[in-house]
Amino acid sequence: MFTTFSLRVVKMGIKAIWARTKLGSYGSAFREAPREILFNKMLLLTCLLFACGAVPLTWDQGSSAVIATLPSFQKHFNISSGTDASKIQYYVSLVGLGDCIGAAGSFWLNDRLGRLWSYRLYIGIWMLGNILQIAAPNVAALYAARIICGTGIGGLIVIGPIALVEIAPAEIRGILTSWFTVMMGLAHGVSTFCVYGVYLDKRLHGTRMQYQVVWIAPIVFMGLCIVASFFLCESPRWLFLMDRQEEATEILVRIRGLPLDHPRVQHELQEIKEHIHQERVFYAGGKKTASFRSILKETFTVPANLRRVQQCLILYSLPQLSGASSISSYLIPILKIVGVAKGTERNLFLSAMYTMSKFFFALIASFLFVDALGRRKSLFVGCTCQMLADLYVGIYVKYSQEGPVSTAASQGAIAAIFIQAFGYSVGLLTLPFVISGELWPNRIRSFGNALAQFIHRLFIYVIAFAMPSLLKNTDNWGSFIFFAGWCGIALLYVYLVVPEIAGLSVEEMDVVFTGPWLAARHYRKPKAPREVEDSEGDQSVSRSSSGKPTQEQSEVVSTTVKQV
């Protein structure tokens, strides 16, 4: 009997400890959330649609890294080598210039056209660029088409995360927003296998169709996405911003799967309306539409928003400085540097396996890290793995230049490249898209994301263009040490500045960005439950019985007003 009692005590102790962990609390919140919200078909399909906006980005990145190895591509565009980074420098990097243009210009369209129509427009621009690539008679026309493709991609990578954050419920917002990076990984892998497939198909050898198929396939898929968009939902938060109250309410009910009079729906409606009203009163004098000047003022003069700008810009620059994106873009030249590039077919196969691994890593990150482990801890895990892998590859390349290395060391270098992909997928690939999408206030979310993505794509363009020179001037091995150093800086930055915002609603973010900068990492969501209890229409939420904000929320608003 004593043994049975002891086992029960130990079991209860383990359960108590588990309940206090991040994974345990996440599991509890997930179980307590209404099933109608978590498994709502309209919500999931709409989120999947916006997540598909990532397909053009990484389809281009994956195919451009290997398509230059196809004999027909080299012959038509007079490119002598697909394994020499300097020979494909302009082809790989110019799309990044278009990305910058598209990201910067998207701000003027996202709030005017809405999330769905902006999504359709950007796909149309990207499809036009792809068609011009297919028909390009020479390399100059190809480069122009690359910039047009990038313009559409730049708009899509802004609108996708915005829409996902605005639609997703707080309990699974991290999972649904990280679907964007899951689709990035899937498109990256499929595009590389597509190039591998056309290379193996002997019927296409010597014909332009060999490389054109790679550009035709995503056009068909994204065309179907445009058709599907007419059957899915607009963002309710954007509709509230446009004062389309009835339509916004109807859509919120559809994507939550709960009746209008349900306390959870009523709480969310009230929260969105109050937050938008407060923003208009404090920053726009009560006007419905915001002028560009007022948005600039709100973004760059309110200390809390300036911190958001700082956080987005740094979180989007660190992934590029860590080198992961450049390694993906120049994978075959890097495999050659590592000493494992042994023929076109093997190179294409390794590239395909690498890109598919990134898809599975992104899938793991979305379900096991982003919401379950939290934003900060996911970044810690990812940056650490990436840093150690870069250090190994750098040291390996250095020693391989001085003499023969063992087969085990060579295989370890290949493994390190895959470990680096895992770290990137868990940390600096997934989290910037999630955090940047969710931390902005409603009024400036479109501008904030456009600004962040502009800097992001600018860094991608600069690093992709500079990568061949960086490899050459650092004897190849030094570039990996350089990337590892930036991963170390990323770890320090995350520890000092990045807050944990998992589980907060979009409207609750303000409290995280008030007070000292270095205090944000200590913020924890209050233990008082946000859940609503449906007993005789009563609401047990963080509001007073009059429906007004609580004292804590009022203090946050007052602090923000004083900062203005």
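A Cβ is built for glycine as well, from the same backbone N, Cα and C atoms used for every other residue.
Quick caveat, the model's predicted, so the values are computed rather than measured.
What TrEMBL records for 46-502 is domain 'Major facilitator superfamily (MFS) profile'. TrEMBL lists 88-109, 121-137, 143-164, 176-199, 211-233, 352-372, 411-435, 447-471, 477-498 with the feature transmembrane segment. If you look up TrEMBL, you'll see 524-564 marked as region 'Disordered'. Summarising the annotation, TrEMBL assigns compositional bias 'Polar residues' to 538-564.
Panel annotation: around the transmembrane segment (352-372), residues 22-23, 26-27, 62, 171-175, 177-179, 181-182, 184-186, 188-189, 191-193, 195-196, 328, 331, 378, 381-382, 417-418, 421-422, 424-426, 429-431, 434, 502-503 of the same chain, lying at least six beyond its termini, place a Cβ under 8 Å from a Cβ of the stretch. Each residue in the domain 'Major facilitator superfamily (MFS) profile' (46-502) has a pLDDT score, and their mean in this model is 86. Tertiary neighbourhood of the transmembrane segment (176-199): same-chain residues 43-44, 47-48, 50-63, 65-67, 69-70, 160-161, 164-165, 167-168, 210-211, 213-214, 217-218, 328, 344-345, 348-349, 351-352, 354-363, 365-366, 370, 425, 429-430, 433-434, 437-438, selected by CB-CB distance under 8 Å and a gap of 6+ residues from either end.
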